[in-house]
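Accompanying notes for the structure given below.
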């Protein structure tokens with residue numbers, strides 16, 4: 001376990017659990033939140049064995065831990081482990097935030113709300129009334145759907161390599177979409193070629209694994225033109241290949257670093273009841289990434 005602030009021996013203990021987890025930026029983010037708010041928080045990394053996630057979590061709480069963030073590959077296991085789930089977690093089918101309340105393990109998913117706050121607050125792009133294209137139908141896309149719907153876009157199009165998976169995912173959100181007046185459409189990535197320019201979108205979100213594989217999703221160039229925000233949930237020292245392609249097409253681009261900070265801020269608020277300011281923390285992280293890029 002790696003400590004972010006060894007001087008805080010009496011602080012409330014939190015961790016991020018994953019495998020691997022040494023690369024996680026969560027400790028530095030939460031340490032910044034703690035300094036900013038004056039909260040006595042001690043946040044570490046904790047690597048769980050691939051076959052020992054539940055035992056690791058239970059031991060952490062039994063030893064006096066207050067809460068934990070969950071990263072790959074354990075978000076589905078965290079969903080199963082939680083005794084109580086928030087509406088967001090149930091909709092996402094995955095959990096990235098755990099805490100103990102009245103002796104029970106509670107689970108939430110803050111990824112989607114982190115995404116929409118980054119887009120709306122940090123990137124100054126209102127989602128209400130807009131047309132959104134979501135690339136991918138895996139766990140990242142599932143976690144984004146309900147928070148996106150709650151922002152009341154006019155339409156959400158989900159495009160996935162396997163068309164049936166996109167359709168299946170949308171089935172789970174028909175009721176919510178009806179409640180918020182959002183039109184849903186889903187299909188294969190190849191179906192995007194059949195869209196007319198009248199069906200152009202305002203925001204394109206890459207929630208697929210393509211950037212991890214160094215691949216560009218087959219998105220028609222006219223969907224990434226001037227005035228469009230192209231957003232990739234991935235982030236790194238260099239722009240992803242998707243963002244490079246989108247920028248060449250004329251779109252405004254952003255990676256997912258702000259989403260990382262915003263989902264962490266939501267977890268901090270759940271645990272502490274205090275909402276930290278994210279802008280200075282995001283600026284600090286962005287500067288660190290730029291420094292890495294120059295090395």
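The backbone N, Cα and C atoms fix where each Cβ goes, and this holds for glycine too.
Features as listed in Swiss-Prot:
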type	residues	note
ACT_SITE	75	active site, proton acceptor
BINDING	24, 25, 26, 71, 96, 111, 235	shikimate binding site
BINDING	87, 136, 137, 138, 139, 140, 160, 161, 162, 163, 164, 165, 233, 256	NADP(+) binding site
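Distribution of Swiss-Prot features across the structure.
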residue: 24; record: shikimate binding site; contacts (Cβ under 8 Å, 6+ apart): 16, 18, 45, 71
residue: 75; record: active site, proton acceptor; contacts (Cβ under 8 Å, 6+ apart): 94, 95, 96, 109, 139
residue: 87; record: NADP(+) binding site; contacts (Cβ under 8 Å, 6+ apart): 146
residue: 111; record: shikimate binding site; contacts (Cβ under 8 Å, 6+ apart): 92, 96, 140, 143, 144, 259, 263
residue: 160; record: NADP(+) binding site; contacts (Cβ under 8 Å, 6+ apart): 135, 136, 137, 141, 166, 169, 186, 188, 189, 208
residue: 164; record: NADP(+) binding site; contacts (Cβ under 8 Å, 6+ apart): none
residue: 235; record: shikimate binding site; contacts (Cβ under 8 Å, 6+ apart): 255, 256, 257, 260, 289
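In sequence order, 260, 285 make up the list of same-chain residues 6 or more apart from residue 25 (shikimate binding site) whose Cβ falls under 8 Å from its Cβ. The sparsest Cβ neighbourhood within 10 Å, among the listed binding-site residues (26, 71, 96), is found at 71. In the shown protein chains, 11 other C-beta atoms lie within 10 A of the C-beta of residue 162 (NADP(+) binding site).
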